[in-house]
Number of protein chains: 2
Amino acid sequence: MLYLIGLGLGDAKDITVKGLEVVRRCSRVYLEAYTSVLTVGQEALEEFYGRKLILADREEVEQEADNILKDADISDVAFLVVGDPFGATTHSDLVLRATKLGIPHRVIHNASIMNAVGCCGLQLYKFGETVSIVFWTDTWRPESFFDKVKKNRQNGMHTLCLLDIKVKEQSLENLIKGRKIYEPPRYMSVNQAAQQLLEIVQNQRIRGEEPAITEETLCVGLARVGADDQKIAAGTLQQMCTVDLGEPLHSLIITGGSIHPMEMEMLSLFSIPENSSESQSINGL
Amino acid sequence: MLYLIGLGLGDAKDITVKGLEVVRRCSRVYLEAYTSVLTVGQEALEEFYGRKLILADREEVEQEADNILKDADISDVAFLVVGDPFGATTHSDLVLRATKLGIPHRVIHNASIMNAVGCCGLQLYKFGETVSIVFWTDTWRPESFFDKVKKNRQNGMHTLCLLDIKVKEQSLENLIKGRKIYEPPRYMSVNQAAQQLLEIVQNQRIRGEEPAITEETLCVGLARVGADDQKIAAGTLQQMCTVDLGEPLHSLIITGGSIHPMEMEMLSLFSIPENSSESQSINGL
């Protein structure tokens, strides 16, 4: 049996009791290590689970899935995913490959950022299409996701923006020279995402288009959702450029146009204080 | 401290390790019992948690929230919710009331139907606004949610339909006579939801409108997601009227117009067999 087990969002203890029991009795346990991270590392997980974990990066899961699935028809193999196995990233490819090999699978669900963002008080059923914001480079500055934000706002829907994660990246030099030396991991902050968004707004104005959002659009920045030290800040897109949310992972919500009074009351709990570097709080909106 | 703790979707062991630790040390533990149910009852939870649970129905949570929050400033109180505390139903009112009383709160997240539906292979980020389908009566047959399905499909988005739950309902007679006698709980099945949807489609045709969906629209029925005996069936809306998914809870997905090949491949794992009472399988779509 292939078990796809969600680890939730905070630390080692966010696994479910059911998930932990399975982890402890599987013959091999893989940890998917490229779409998200917990606030604790592999060692903390290994200590709490009492099991050695085999780190699986994107390359391995995509190219060496057969290794992961080896003997899973006669023994139990666990594949651990931060959040939920079918959350932000689906692991459909692994499931389909298992099915073709006649290996049954089971999913042990957990919280993912896709549902845990509800903790800021915005109603989950009012979220439209989720978008991803990637790190821009000097030569690659995609803006196409912005159309989805626009469509969501036109329909009064909030937009969850998942922010880029770069792990196991090689510098151009190391890549060319075939050296398997990797850069330190990078996680996009709410500040960086907001700055890129504002640049798109400026570009649209230069082109004479009416941008779907402005500096004053109400946004919510979230960091380390589900962890003891999670931080949520509600304020304008402009404020999101400077608000300090600390360590990764960060996510950003661009609110839809119409906000229910109960949603607004909840957001006011996370309003950026008046005396911070930015002067406008959501209470003034 | 007020702890809002998600129980996940299956049985007693779907609570997280962190959640279980908190439950075991809180001075009072409430179980919210009106928006969803697990596949096991209160007694099974009490036995596994090793704690007595206080059942909180909608009336109590709304009208007697102060009882729930009593002394939560000097002791720990847990409020357990099937799924995630901010999933399908938000518990913002309780959080806001706690905040006004100076009581801090913490959320311990878990899977909710809002993210666990990803297990059918449809990509979560492509879901539009979630709708609720309620039991029709002879005199109350709301169709307004159908506009949201239409809007989602126009934007190529899937629609998750949450199906009605009736607990602690009084018959008209008992209500009038003030007798606190309650009807057995009712949970809408995928069959019932599909039949109501088809009736709306017929009504729209009679009025000369172009319905957003037809008998042939690809849908996914899900039952007891996260439980050992979960069932998923992919097929036409017509097939959803007769497919047997067994015990509650059920949910229904109306797919968006455009389906990614990987999504389709996953759905084919759950395709209703050709030799069932309905002749068309999704392979033929």
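Backbone N, Cα and C define each Cβ position, glycine as well.
Note that TrEMBL annotation is computational and uncurated.
Restricting the average to the domain 'Tetrapyrrole methylase' (A:1-239) gives a pLDDT of 93. Residues or ranges marked as domain 'Tetrapyrrole methylase' by TrEMBL: A:1-239.
Long-range Cβ contacts of A:HIS250 (S-adenosyl-L-methionine binding site) within its own chain (separation 6+, distance under 8 Å): A:LEU163, A:TYR187, A:MET188, A:SER189, A:VAL190, A:ALA193, A:GLY221, A:LEU222, A:ALA223. Summarising the annotation, TrEMBL assigns S-adenosyl-L-methionine binding site to A:LEU9, A:ASP84, A:GLY87, A:SER112, A:ILE113, A:LEU163, A:VAL225, A:HIS250.
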Check: Can you count the other CB atoms that lie within 10 A of the CB of A:LEU163 (S-adenosyl-L-methionine binding site)?
Finding: 22
Item checked: binding-site residues in contact range of chain B, given that the Cβ distance is under 8 Å, out of A:ILE113, A:LEU163, A:HIS250 -> none
Item checked: Chain-internal residues, separated by at least six, CB under 8 A from A:LEU9 (S-adenosyl-L-methionine binding site) -> A:LEU38, A:VAL82, A:GLY83, A:ALA111, A:SER112, A:ILE113, A:ALA116, A:ARG224, A:VAL225, A:GLY226, A:ALA227
